[in-house]
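Chemist: The structure follows.
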Amino acid sequence: MGSVRTNRYSIVSSEEDGMKLATMAVANGFGNGKSKVHTRQQCRSRFVKKDGHCNVQFINVGEKGQRYLADIFTTCVDIRWRWMLVIFCLAFVLSWLFFGCVFWLIALLHGDLDASKESKACVSEVNSFTAAFLFSIETQTTIGYGFRCVTDECPVAVFMVVFQSIVGCIIDAFIIGAVMAKMAKPKKRNETLVFSHNAVIAMRDGKLCLMWRVGNLRKSHLVEAHVRAQLLKSRITSEGEYIPLDQIDINVGFDSGIDRIFLVSPITIVHEIDEDSPLYDLSKQDIDNADFEIVVILEGMVEATAMTTQCRSSYLANEILWGHRYEPVLFEEKHYYKVDYSRFHKTYEVPNTPLCSARDLAEKKYILSNANSFCYENEVALTSKEEDDSENGVPESTSTDTPPDLDLHNQASVPLEPRPLRRESEI
């Protein structure tokens with residue numbers, strides 16, 4: 001059955017190699033490629049990369065170093081770990097050296113470095129710079145070996161011990177705070193939040209919709225998760241002003257609240273292409289020749305730390321598959337639901353998808369087919385059910401009284417009550 005289904009439906013797989021989009025053609029006017037990211041000819045640079053990093057470089061920034069030093073804490077949190085460790089070590093070593101020099105100068109001015117002098121020293125057992133440096137370390141780290149200690153002979157030495165103790169506490173608080181803030185950053189949480197490689201455009205509830213899929217690879221939830229999307233493209237205003245990247249919001253249900261999602265299993269985000277959509281006048285051919293980028297954003301609070309994280313990705317116009325839907329990944333088992341992430345990036349082709357724009361579709365310039373075809377989601381569900389039954393030792397039926405359409409594709413006789421068949425327009 002699986003081999004027959006492959007011939008019947010066009011599958012875009014991230015696990016298969018090859019690029020056949022430019023060479024293969026099908027009845028409804030577009031090809032079928034098989035690659036990790038299904039694209040046509042590359043036509044523009046990304047503003048937001050697939051991994052979420054912004055493809056932007058800042059040049060000719062005045063007083064950049066001073067501005068970064070003015071916000072030193074944020075700078076320490078944002079820099080790489082290797083530089084953070086360098087700052088961590090330098091902060092302590094330089095403070096020890098500074099106060100070691102101070103105690104050595106106190107001993108030098110008081111004459112404690114003269115071994116023949118019998119008067120009471122400001123700091124006992126400090127008769128060299130090495131001894132002063134060790135005393136500085138013992139004071140700031142409160143080691144206290146007992147050989148070197150400050151006396152009441154020099155008030156300035158007593159003051160410096162107190163001052164170094166305060167400075168040491170400040171350094172500890174700053175460095176430890178920066179390290180903890182860097183460790184608690186939710187940036188790495190984005191590694192377990194994934195977007196589909198391609199976006200798709202297909203009919204849903206009688207309307208053309210732009211869709212993409214998001215998934216959470218962890219069992220821990222993303223609290224208050226919500227999605228946003230923007231279309232980026234260049235344009236020229238009526239006054240002749242050129243805007244290199246005009247940002248246009250794409251409605252994903254903000255007004256109705258459906259932009260807030262419960263991200264336990266992969267969810268398909270839907271943008272209805274209506275009269276307020278920037279894609280309203282674009283047909284399949286227009287999408288093929290368009291030059292724009294759709295930035296998708298997923299935001300939410302990490303359940304473990306309650307810190308807000310933001311995961312980003314983008315789709316160029318050549319990464320939008322017209323007339324495709326995503327393969328189902330959620331299957332119902334006896335006592336639980338199963339998510340198959342091997343199907344996460346895969347799509348299948350819907351042959352009767354209109355190629356016109358949403359405007360032409362709304363103005364009845366394109367007549368939708370009323371033919372009822374067997375829905376691919378139902379076939380995948382039946383296949384999953386058949387595999388589970390075969391594992392449990394349930395024999396397949398040998399009845400030949402099957403409908404002609406299902407008989408051609410070797411459909412197994414599976415009870416349909418738990419999984420009622422749905423028409424393609426009902427998905």
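Each residue, glycine too, has its Cβ placed from N, Cα and C.
Source: prediction; values computed, not measured.
Below, the features straight out of Swiss-Prot:
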- 129-140: intramembrane segment (INTRAMEM)
- 141-147: intramembrane segment (INTRAMEM)
- Cys76: S-nitrosocysteine (MOD_RES)
- 181-208: region 'Polyphosphoinositide (PIP2)-binding' (REGION)
- 384-427: region 'Disordered' (REGION)
- 142-147: motif 'Selectivity filter' (MOTIF)
- 1-81: topological domain 'Cytoplasmic' (TOPO_DOM)
- 107-128: topological domain 'Extracellular' (TOPO_DOM)
- 148-156: topological domain 'Extracellular' (TOPO_DOM)
- 179-427: topological domain 'Cytoplasmic' (TOPO_DOM)
- 82-106: transmembrane segment (TRANSMEM)
- 157-178: transmembrane segment (TRANSMEM)
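Walk me through where these features lie, including what they touch and how far apart they are.
Modeler: With a cut-off of 8 Å between Cβ atoms, the residues of this chain six or more beyond the intramembrane segment (129-140) that come close are 92, 95-97, 99-104, 107, 123, 148, 161, 164-165, 167-168.
Less than 8 angstroms from the CB of Cys76 (S-nitrosocysteine) sit Met84, Ile87, Ala178, Lys182, each of them six or more residues away in the same chain.
Away from its own ends, the region 'Polyphosphoinositide (PIP2)-binding' (181-208) comes close to residues 12, 14, 36-38, 50, 52, 73, 76-77, 81, 84, 214-218, 222, 270, 272-274, 279, 284, 287, 294, 296, 298, 302, 305, 307-311, 313, 315, 319-326, 344-345, 347, 350, 353-354, 358, 361, 368, 425, 427 of its chain (Cβ-Cβ under 8 Å, at least six residues beyond either end).
For the motif 'Selectivity filter' (142-147), same-chain residues at least 6 beyond its ends with a Cβ under 8 Å from one of its own Cβ atoms are 125, 165.
Sequence-distant contacts of the topological domain 'Extracellular' (107-128) (same chain, at least 6 residues past either end, Cβ-Cβ under 8 Å): 135, 147-151, 153-154, 156-157.
Long-range contacts of the topological domain 'Extracellular' (148-156) within the same chain: residues 106, 110, 119-126, 131, 134-135, 138, each at least 6 residues beyond the stretch ends and with a Cβ under 8 Å from a Cβ of the stretch.
When Cβ-Cβ distances below 8 Å are used as the criterion, the transmembrane segment (157-178) is approached by residues 73, 76-77, 84, 87-88, 91-92, 95, 99, 102-103, 106, 122-123, 136, 139-142, 150-151 of the same chain, each at least six residues removed from its ends.
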Chemist: DSSP on the topological domain 'Extracellular' (107-128): how many residues come out helix, how many strand, how many coil?
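Modeler: Here the numbers are 4 helix, 2 strand, 16 coil.
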Chemist: Helix, strand, coil residue numbers for the topological domain 'Extracellular' (148-156) per DSSP?
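Modeler: Its residues divide into 2 helix, 2 strand, 5 coil.
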Chemist: If you run through the region 'Polyphosphoinositide (PIP2)-binding' (181-208) with DSSP, how many residues end up as helix, strand and coil?
Modeler: 10 helix, 11 strand, 7 coil
Chemist: Pull the DSSP breakdown for the motif 'Selectivity filter' (142-147) and write it out as helix, strand, coil residue counts.
Modeler: 0 helix, 0 strand, 6 coil
